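Novice: Before I ask anything, here is the structure I am working with.
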Amino acid sequence: MNTEATHDQNEALTTGARLRNAREQLGLSQQAVAERLCLKVSTVRDIEEDKAPADLASTFLRGYIRSYARLVHIPEEELLPGLEKQAPLRAAKVAPMQSFSLGKRRKKRDGWLMTFTWLVLFVVIGLSGAWWWQDHKAQQEEITTMADQSSAELSSNSEQGQSVPLNTSTTTDPATTSTPPASVDTTATNTQTPAVTAPAPAVDPQQNAVVSPSQANVDTAATPAPTATTTPDGAAPLPTDQAGVTTPAADPNALVMNFTADCWLEVTDATGKKLFSGMQRKDGNLNLTGQAPYKLKIGAPAAVQIQYQGKPVDLSRFIRTNQVARLTLNAEQSPAQ
């Protein structure tokens, strides 16, 4: 009967009261239990008063009660009914996983961003290519028109050049009619001064071309053949022949161009006169003089080297852009666009 009464009394007590009674029977304080279980004194007090801390999960609370029961030698099976009431198991609230959906949404947004970026890049590349093609096509058309104009000018100049000998033949007739009296005088002077006429054969080919009509007139004046060969012009025309042999002074405004490849070129001076317009071949040289400033149009700036007033002209800005060079060379050698 005493055993049954004790069992009924234990069932009437709560879990916290049974743990407190067992602790007091063993002579332990709450501080000693807290130190052995590595818990706070407040946690031990809450367990004995059957309080469930709000910040403590039920799983941890059930574990603390079991450890407390083993410490005070109370079987765990006797405490299970009380544990279900004091610390019932509560399902933890788990937030729905959103990482996958967030990652999917972020990936979709990144996909749109990359698509827009590639679209902008393709548009920029397309516009750049169209601009380059239009500029290149315009340059080619301009070079073609310049070449056509130069060919037309060259053809007109060649037609005018063919009619020049007809005019020169008419102008030389009075000269031939007026030379016989002069030939008589030259024969007389040549007989008196043979030493003066000795260096006459050393004259340049251009002088020989001019003297040939007078020599023909000397032959028609019934003079002997030896005297005709030793009497080119006499003593009087000798200073003019020597003046023709002397080289003229170099023009300070001379424009010298050397070509490393085929290049179309047009040069105009200050008076509007075209000093040159046409195509220059590789390894060609061109020396032009006129009234400064000069206006130049060069189809291939990389194929020509220009010297003005003895100094090279910088064409690097036209070579870098690969454009037709349009520049003006002033008297101070300052090329301007």
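Yeah, the Cβs are placed from backbone N, Cα and C, and that goes for glycine too.
Straight from Swiss-Prot, here's the annotation block:
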- 1-111: topological domain 'Cytoplasmic' (TOPO_DOM)
- 19-71: domain 'HTH cro/C1-type' (DOMAIN)
- 30-49: DNA-binding region (DNA_BIND)
- 112-132: transmembrane segment (TRANSMEM)
- 133-337: topological domain 'Periplasmic' (TOPO_DOM)
- 145-237: region 'Disordered' (REGION)
- 145-167: compositional bias 'Polar residues' (COMPBIAS)
- 168-207: compositional bias 'Low complexity' (COMPBIAS)
- 208-218: compositional bias 'Polar residues' (COMPBIAS)
- 219-237: compositional bias 'Low complexity' (COMPBIAS)
Novice: Could you break down the residues of the DNA-binding region (30-49) into DSSP helix, strand and coil, giving a count for each?
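Specialist: In the DNA-binding region (30-49), the DSSP-based counts are 16 helix, 0 strand, 4 coil.
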Novice: Any idea what the model's mean pLDDT is for the topological domain 'Periplasmic' (133-337)?
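Specialist: The predicted confidence over the topological domain 'Periplasmic' (133-337), as a mean pLDDT, is 65.
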